[in-house]
Structure formats: structure tokens, C-alpha cells
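Notes to accompany the following structure.
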Amino acid sequence: MVVTEVHTGGTVASDRTSMRAYDRARRSIGAAVGVGGVLWVVAHLPMILRQAQIVSPWWTPVAVVALVTTSGALAGAGLRGGIVAVRRAAVAVAATFPLCVGALPLACPYACFAPEGTWLPPLVAVTTVAGVLAWPRAWPVYLLAAGTLGVAVDLYVSGGPGVHSLGQSLLRTYLAQGFFAAIAARVLHAAGRLDEATGIAVRQATVAATIEATDQEQARFAGLIHDSVLATLLETARAAGGPGAARAAARTLRQLAEIGDDHAADRPMTIPAALTALSKAVTEVDTSIAVRARIARDAGTLGLPRDVVTAMAAALGEAARNSVRHAAPDGRAVSRRVAVVVDEGGASVRFTDDGVGFDPARVALDRLGVRHSILGRMRRLRGGDAVVETRPGRGTAITLRWTHADPSEPALPALINARSPAGAALLVLLLLAIVLWMLGELDYGTDPVLASVAYGLTALTGVAVLAPRADPLSWPVTWLAVAVGPIAAALTIAGYAGTTPLYDVFWIAVAYSYSLAVIAIRSRIGPAAVGLAGVAVPILVAGGGVGGMLDALASPAETVVAAGVLTASLRPTLRSFRAARAVVAAHAGAEARAAALSRERERQLAYLDRTARPVLERIAAGRPLSAAAVEECRLLEAQLRDRLRAPGFAVPEFVRAARRARRRGIDVTVFDDGGLGDATDRVRALAIETAVAELDATRAGRVTVRALPPGRDTVATVVVSAPDRYRRIEIDPTGAVARTSEIIPAHHDSEHSEPAR
């Protein structure tokens, strides 16, 4: 009977997880670049329309339509298309820019846009990122070519170099416009590394799941063999059959049928079904055992993994059998109880009796009940454990526990930092760009000391935001970087003494916007916007007005907004990369686990069908057994016990030799502590051959065969205790055999142990 108390307690993978991270990154970047290209054209429409009145009528419509069409196609391919479509659209965007820029001198005479220049050159930043998608390895060549062409045409239409030299203009273009291309290339590189890591994770998960599943299924069958098959055979051999043996054999055959038809092994078991299984495990042994359950309300709808319930039920059944066999050797009345607790954290089962108890240290090594069927079974279960509390005369308490092992939230990979070669290169680009903007500021008449302080603070900000290893950027570093902007802007305003309107050459804001872009890319989009707004404060305080603020912050705002959009589109993708990797690895592991479980189950069942099933069916029939049949039960029980205790010796020639020796009355004991697993095939074969020879040569007494633990000077030993002689054979890792022999009293036997538990 189960008494239940209910107490109130205090990602399915989509199809997208099958896409490679590298391909998904290309699509995300393509969508961001396409949208950015369209927005750039829309944002500069006033300038475009103004300059359209100066150039030939055909150029502006052709350039605008070409740029908007190709950028829109890239955005659509990134959002809805495939990888091939993204690459083709990226090639179109990258090719459109040099064609439009190269055609401008045909539509516009020299110095037609003096002194402001054309609106096209800043688009190099957009088209170079498209070049990263089109030519992942050759994009720097595209940047140099497109940037050089853009600067040359801009100088042509603006009337030649102004305050900046040709070299400064080229360097500023390469550094400023290549910044986002370098970031995009870094993202693709990180995605590629994630794909490599996913492949490794899948292989590791497959191997680990196969090994784990094989071990788990071996352990499950070992528990079944020990708890049911051996117990049935041993009872039959002792009592020569009878109704009790027939019922035990029928129950064992039913368990074999159920374990062979376990198609629902991966589906969770409901709490009522789990309680029924646990109750059945003990009531089959003793119908008087009371089972009390305490279920947390929130856990009642969750269920328990089927393998957890199976392991707990088997261990609980073995605990009950041990108690019935050994708790009352003097015939006293023994009270037995089971308490089950299930909550959100897992489940626990506690079996107690008030019998005689025992000393665990005195249980013989060759007894498998507590050690294998209870402790070993639970500890092989992921999240499982078992504790045995007992003392002679104090009863026994066995606690079985299982705890949920939920995976933690995966950490996001950092897009950029200065700890990698690519991040260090970005830092160098950032610092060089800041230096170039400072030189330009000095050319227009800014005080050198104040400019050096302002740009020095900006450079230190760039280092501070690129140096940390992990994302998101820490809050102290973030807000320190945000505070630098207004200070640098105020210093620049205070030191400006040029004749050109300050806010037309307010390049400290442009330099600072690169640090804000890094802040946004490192998952602090909001603070980056606050930093940009902070730069506007000294402009307004100094009397620049709204117009001056817009002139000064138009380009920096575009940079920060672009970084924010890129981050907003890529962060969910990167998060899903890591989650997808875990899902893919788990899926591969699950498939490998299922296949390994099936293979091992079929292998174990085939072995039991050959060896144990015919004997069990004969016992279950309930007919009287002949002396030969009872002897067969004894020999088969010993054979199966050897297979559990010493799998390294479970080869046909050794099994047959041990059976022949036992039939002659030899006491055969076999242990396997794992040493044969590390031995060479030759040494392993020699150990088995030596053991077989000694088993066949011994006519009376006892033979103990043992494989020692790995790392010992001896791999295996064979000890023969005949009535008149003691013989010991040792085999070392090289295959050398050492033999010792001495005459001993016939009654010599130093091994004593408690009964099986």
C-alpha cells in the first residue's frame, strides 16, 4: 500500500539549430549591412537631392537606385534567403559602390562639390562589410581598392586636398571604414570556431554517450542477473525446486520480457507510476512493508526519468531481499518501512528495518548484493547516490537519492577583445584612427595641450573597453568610458581657436564614437547611447545650439547606431550558436546512447536466452527437478556470478574449464580488478591459458583466479589450494610467469566472511 501526501513547495530545438553557425552569422551580417545601406541613403537624402542639381541628371537616380536595390536585396537574402543568395547579393553591393563612384567624374566636373565633397565615400564602411561576406579572405584588398577610389574621386569633386593631406585622407578612410569590416570578419571567425567546437562536441558526446550507455546497460543487466536470475538459481539449487522457486523463475522471466521490450525508456514516468513501481519492488519481497510517499505539489506534474525509477526500484528491491534474508537470523519480528520523497530537486527513497544490522567492513569482496546492486547501481546513475547506515544490533537504513542535473545557461562568447590577435589588431586600428583625428583637429587650430589630453583620454577609453576578456562589459568600465566623452568634448571646445565653424570639424566626437561602438558591441547598447548624448551637453552649454549639435554628432551617431544595430542582430544569433551547439551535441549523444543501449540490450538478452532462459522456463513449469537439473542450476549460478565479478575472464574456454572443475567438486573463485584491460593481447591470452590449465589439472581443493588492479607489478594470479599442496602462479605485464609451491596442511584456509549481502 502506498500512502501519498501532497505538499505545496516554496528548448526544443528548431530547424535553425541544424544550420552552421558560420552560415547563420553570414545571414545576420548580410541583413544588417543591407538595412544599413538603405538607411544611409535615406538619412542623406537632403544632401543627395542638393547635389543632384549639380551633376548630370542620369547619375544620381542610377546611383541611388543601384545602391538601394542591391542593399535591399542583401537585406532580404539575409532575412529570408540562403547562403548562396547572401553571397551573390553581397557581391552586388560591393561591386555597385566602385561603379557608382567611378562614374561620378563622368557626370561632374572638377571641384563641382567643393568644398564638402560627395556623399558616397562613407559608404565604403557598408560595402567593405559586404566584401567580407563576398570574399572572406580578400576583403582587405577590396577595402584598399574601394577606399583609394573613394578618396581619389572625393578629392576630384571637392577641388583637391584641403587641410588634410592625401595620406591622411587615405589612412583615415582605411582605419575608420575598415573598423566594422574587421568586426564582421571577427564574428565570422568566431562562428567558424564554434562550428569546429560543435563538431568536436558531437564526436565527444557520441563516444561518451556510447560508453556510458553500454556501461549503464551492462550494469542494469548485472543487477537483474544478481537480483533475480542468481537468486532464483541459488534457491532452486538449495531447495531442489518447489513452488517458491517456480514463482521466482516466473517473475524473472517476466522481468526479462519487460526489459527486452523497453521502448519507452526515454519517456519520463509519471509520479503515480513511479510510486507503483517502487511499491511493487518491495511488496514482491514482503507484502507487509509499508510505503509512504511525500510529493511536492510542483513536482507532481514533472514525472521522473524512467531509468531513475528502474534503478531505484531495483536497488530498493535488493535492500528488501537482503533484509528478509539476513535481518532476523534468530527469527525475531522485524519492522520494515519505505519513505519516498519527490520534489523539484529530485527524489529520495529511504528503506529502514530494526533487524540485527551488520558490519559493512566484514562483507566479503565476492558478495555483490549491497556493493553492486545497491551502491554501485545508484552511483552509476547520473545524479544518483546511495548511503548504507548500519551497525550490528542497530538495524539498517539505506537511502537512495537522485538529483536533477540541469545544464547552466551557456555563456556568450566575446565578439571582440584585445586578448586575441584579431582584437589586438582592432585596438591598433582604433588608436591609429584616434591619432589621425587628433592631427586633423590640430590642423584646424585646437590647443595642442588640451587636444592631447582630450584625445589621450579617448585613447585610454578605447583600451579600457577592448581589454576585458568577457562580455558583457563590466559596469564600472562601461560608466567610466561613458563619463570620458563629455570631458573630452569640453576640453576640445575650450581649446578651439580656429576660423572654421567648430562643429564642422568636431572630430573628437568621431574618435570617441569608436569607443562607444565597442561598448555597444560588447552588449552595452544603452550606455553607448547615453555616452553619445553626454557629448551633446558641452556643445549645448557652449552655445552651439541644436544645429551645432546635429552637425557635430551626425557622423558619430551613425557609427553608434550601426554598432547597436549590428549587436542587436548578432547577440541573439551568438546566444543561439552556443545553445545550438549544446542541442546538436545532446542530439548526437542521445542517438548514440539509444543505439548503444539497443546493441548492449540485444547482446545481454541473447546471452541470457542461450544460458539462463531454458533453465528458468524449466523451473517456472513447477515440475519436480532431477538431480542433474539441480546441479545445472548450481553450475549456471556460479557461471553467471563469475561473469558479474570477473568480466575479463568471461571467455568460452575459461567458462568451460571453470564448469568442468566445479563439476568435479573444485571450489572456484574468480575476481577481476581490471588489470587485464591494460594488458597486451598476448599477456591476456597467457593469463587465461594458465588459469584454464590449472583448473583442468586440479583434482581437489580450491582454485582462486584474480586479475589485479591496473598499475601493479603483477597482472594476474592463480592460486591452487590442494589438500596437500599450495601453488601460486603470478604473471607480470611482460608475460613472465613466476611459480611457487609449498606443502601445507590440508585444512589450511584463512578466508572468512559474512554471508552475502
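All residue numbers here begin at 1 and follow the chain in the order shown.
Glycine is treated like the rest: Cβ placed from N, Cα and C.
In TrEMBL, annotation is done automatically, which means it is predicted and not curated.
What TrEMBL records for 29-52 (among others) is transmembrane segment. The list of residues near the transmembrane segment (29-52) in space but at least 6 beyond its ends in sequence, with Cβ under 8 angstroms from a Cβ of it, reads 60, 64, 67-68, 70-79, 86, 89-90, 93, 113, 118-119, 122-123, 126-127, 129-130, 132-133, 184, 187-188, 558, 562, 565-566, 569-570.
Distant neighbours of the transmembrane segment (58-77): 27, 30-31, 33-38, 41, 48, 51-52, 85-86, 88-90, 92-93, 96-97, 99-100, 103-104, 106-108, 120, 123, 126, 130; these residues of the same chain sit at least 6 beyond its ends, with a Cβ under 8 Å from one of its Cβ atoms. The feature transmembrane segment is assigned by TrEMBL to 58-77 (among others).
Proximity of distant same-chain residues to the transmembrane segment (89-107), defined by a Cβ-Cβ separation under 8 Å and at least 6 residues beyond the stretch ends, is recorded for 30, 33-34, 37, 55-56, 58-59, 62-63, 66-67, 70-71, 73-74, 76-78, 81, 118, 120-121, 123-124, 126-128, 130-131, 133-135, 142, 145-146, 149-150, 153, 156-157. If you look up TrEMBL, you'll see 89-107 (among others) marked as transmembrane segment.
What TrEMBL records for 119-135 (among others) is transmembrane segment.
Per TrEMBL, the feature transmembrane segment maps to 142-159 (among others). Outside the transmembrane segment (142-159), and at least 6 residues removed from its termini, the chain residues within Cβ reach (under 8 Å) are 94, 97-98, 101-102, 104-105, 108, 110-118, 120-121, 124, 127-128, 131, 134-135, 166, 169-170, 173-174, 177-178, 181.
Here TrEMBL flags 171-188 (among others) as transmembrane segment.
Broken down with DSSP, the domain 'Histidine kinase/HSP90-like ATPase' (290-366) shows 27 helix, 24 strand, 26 coil. The domain 'Histidine kinase/HSP90-like ATPase' feature in TrEMBL is assigned to 290-366.
Residues annotated as transmembrane segment in TrEMBL: 422-442 (among others).
Taken from TrEMBL, the feature transmembrane segment applies to 448-467 (among others).
Annotation comment: TrEMBL describes 479-499 (among others) as transmembrane segment.
Residues 176, 179, 183, 415-416, 430, 433-434, 437-438, 440-441, 444, 454-455, 458, 461-462, 465-466, 473, 478, 481-482, 484-485, 488-489, 492, 498, 527-528, 531-532, 535, 539, 551-553, 555-557, 559-560, 562-564, 566-567 of the same chain lie 6 or more positions beyond the ends of the transmembrane segment (505-521) yet place their CB under 8 Å from a CB of it. Per TrEMBL, transmembrane segment is recorded for 505-521 (among others).
Using a Cβ-Cβ cut-off under 8 Å and counting only residues 6 or more beyond its ends in the same chain, the transmembrane segment (528-550) has close neighbours at 481-483, 485-486, 489-490, 493, 501-503, 506, 509, 512-513, 516-517, 519-520, 556-557, 560, 563-564. Sequence annotations record features per position, and here TrEMBL assigns transmembrane segment to 528-550 (among others).
Per-residue pLDDT, averaged along the domain 'Histidine kinase/HSP90-like ATPase' (290-366), amounts to 83 for this model. Here the transmembrane segment (479-499) has long-range neighbours at 441, 444-447, 449-451, 453-455, 457-458, 460-461, 464-465, 505-506, 508-509, 512, 515-516, 519, 527-528, 530-532, 534-535, 537-539, 542, meaning same-chain residues at least 6 beyond its ends whose C-beta is under 8 angstroms from one of its own.
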